[in-house]
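> Below you'll find the structure I mean.
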Amino acid sequence: MRELSRELRPHSLCRHGHRWCDVIGMRRAVRPSAAGWVKKVWCGGTGVRRPGRGCGHGWDLRVSGNPSPAQKWLFVVGRDLSHPTILWHCDLSGPSLPRERGREWGKGRRMRKRSGNGRGPPPDRYEAALLLAAAGDALGFRGGLWEYCTAGARIHEELRALGGLSSIELRPPDWPLSDDTILHLATAEGLSSGLEGDALLQELARRYVAAMEDMEGRKPGPSSILGTSQLRPGEPHGYRIPFNPTGTGCGAAMRSLAIGLRYPRPEELPTLIRVSIESGRMTHHHPTGYLGALAVALFGALGVRGEPPELWGAELLRILPHAWDYVEGEGVAVEENAAAWDFFGDTWRRYLESRGLLGGGGPPRVPSLPTPEERDADWEELCARAVLHGGDNDSTGTIAAGCWGLRWGLSRVPPGMHRHLEYRQRLCHVAHRLHALAWGH
């Protein structure tokens, strides 16, 4: 691998003529060497394919000094080869790219100074996200009656017989929470501990194991049951389980929104990737499973920052290469993960193409509906389309409703949907704790 000096220019070309536009700088990415500290820089052009990368030609970018764990790397993502991706350290000199020429991750536009006081959204949006995630779960679950009903028309017929959403009070025993929210609470409360690094992962593993004691009547999935039985919290790397060829379900995704609430800032992307992947593969050690956790965590972070949903899918595709670099760098079941890696991204890409969202802009191409503004702000419309259908209602419900709550809050939701939820006080408490940790007050 050829070496670059600290004078790397953003328009350097590889021997195929590709610009250097994808910088990988996560996971213990800085390693000691005789010449200083090393960052891997990968060409983002097309060519010989490697999982999550472009042509695969690499450079070592050497930076003098010893960055401390507290220092942050800033990631800047370009949309095409005319706007190269580059990375530099906030405390050390790095590649010669003027800040104003970059693009901030998740924005898709030129970097700008942050407005306001940096406190993020109000705490009640975090509360709405967790409460409505639980509401979507309880509504879609209905004690198992609707989760396992494959006929959407029948569900809507029963809903009409109940008097519609405004007539329902989501309270146990008729409307209990499923395993989705119990495990989401485990994630949220683990994150609210304030722990970081391996200590946080051990805490999440401990809470997932403990949560399985509260599963009577909640219908946990087979991968969640198997995965938690293999965890060994407290032991070195006891939060890791073997690769599971069948761990492809949504059990990791359904419990990961809180990760995006805890790490919403653009510069926290490496942490979001690590925590979502590691927590996801505590039960679902298969890319199709744990990348679902990454997707929901990312969508939560983008929702906190007020990014339009039309952008979210394209942003997910843009960070998948960084996710692969993390998985490869950790060295856990790399061959098995590489063999199963492409399915998740390829499926997302086909979906985004079908909806006209691959470029990160809208409006989406969907069947004739009300205007996006009317549709998106309507709680009943969300429930009809994303919660009450012939599918895995509680899991789609908890993800969709949680993201909806970030954007719209509780004011448009019938009070019965959230006032009497099981574990409501725990949900509210952990929401405020996550907000305080994320935004520093």
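Counting starts with 1 at the first residue shown.
For all residues, glycine too, the Cβ spot is worked out from N, Cα and C.
TrEMBL entries are annotated by machine, without manual review.
Take a look at what TrEMBL says about it:
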- 99-123: region 'Disordered' (REGION)
- S178, D179, D180, D392, D394, S395: Mg(2+) binding site (BINDING)
> Based on Cβ atoms within 10 Å, give me the single least packed residue among the binding-site residues D179, D392, D394.
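Each of the binding-site residues D179, D392, D394 was scored by Cβ atoms within 10 Å; lowest is D392.
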> May I have the list of same-chain residues other than S178, D179, D180, D392, D394, S395 whose Cβ is within 8 Å of the Cβ centroid of the recorded Mg(2+) site, in sequence order?
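These residues sit around the Mg(2+) site: D137, G140, F141, E147, T181, K219, C250, M254, N393, G397, T398.
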> Cβ atoms within 10 Å, counted per site: which of S178, D180, S395 has the most, among these binding-site residues?
D180
> Specify the secondary structure state of D392 (Mg(2+) binding site) as given by DSSP, simplified to three classes.
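In three-state terms, D392 (Mg(2+) binding site) counts as coil.
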